[in-house]
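Asks: Annotated Zn(2+) binding site per TrEMBL: Cys102, His105, Cys174, in sequence order. Residues annotated as domain 'GTP cyclohydrolase I' in TrEMBL: 33-210.
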Amino acid sequence: MTDPKPVDSLSVQEDLRPLDALCCPEDAKSRIAGAVRTILDALGEDTSREGLRDTPRRVAEMYLEVFGGLYEDPREHLKTQFSADRHKGAVIVKDIRFHSMCEHHLLPVVGRAHVAYLPDGGRLTGLSKLARVVEGFARRPQLQERLTDQIAQGLEDILRPAAVLVVLEAEHMCMSMRGVRAPGSSTVTTVARGVWADDHAARQEILSLLRG
């Protein structure tokens, strides 16, 4: 992993989209099921046959599950905090497995997240909370660049750390299954905030820990 430059992905502030929760429509399940049935009909399939009879319902339930992050504010997990005034170094959680859905094709994105922050004023959160933040933002129609930014912004908003570094490595099924058909390819995105955005040596030190 080479030392990537800090990324202002998508012109960060212009396309972070709301970080907080949306309201799930009461008829979401029935509307999704109807849309899936319409797609299958358009493909020439017989939606009354045994194998497809329950597919619209199953897909609707699946979408509400994998897009469940739309209806929560993942930052809420970070509000569980504790103090550790004597800890002056970085906190790093590596290899957080996640899955998301590419918003362009609604195909899966599967990868790993590495999250690091430098506490300021002794404000820490539980390690599992970092994984929950990744999971929450990932369970939305996403761009990998935006997901990277949202994780970093979420930490900044709640923990107010001196620095944040987020690195995502993921395989996109829209590249593996269709189009260029390049299975096994990996996309890497990175965002550095605070002192790690400006201090190359400090950022390199954190990246070396991620590589180790």
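We number each residue from 1, going along the chain as drawn.
Cβ atoms are placed via backbone N, Cα and C, with glycine included.
Locate each feature and note its surroundings.
Replies: Its Cβ taken as reference, His105 (Zn(2+) binding site) is surrounded by 14 other Cβ atoms within 10 Å in the chains shown.
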Asks: Return the count of C-beta atoms lying within 10 angstroms of the C-beta of Cys174 (Zn(2+) binding site), excluding that atom itself.
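Replies: That number is 16.
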Asks: Beyond the listed site residues Cys102, His105, Cys174, identify every same-chain residue whose Cβ lies within 8 Å of the center of their Cβ atoms for the Zn(2+) site.
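Replies: Leaving out the recorded residues gives Met101, Glu103, His104, Leu106, Leu107, Val109, His172, Met173, Met175, Arg178.
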Asks: For Cys102 (Zn(2+) binding site), just count the other CB atoms lying within 10 A of its CB, please.
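Replies: Other Cβ atoms within 10 Å of Cys102 (Zn(2+) binding site): 18.
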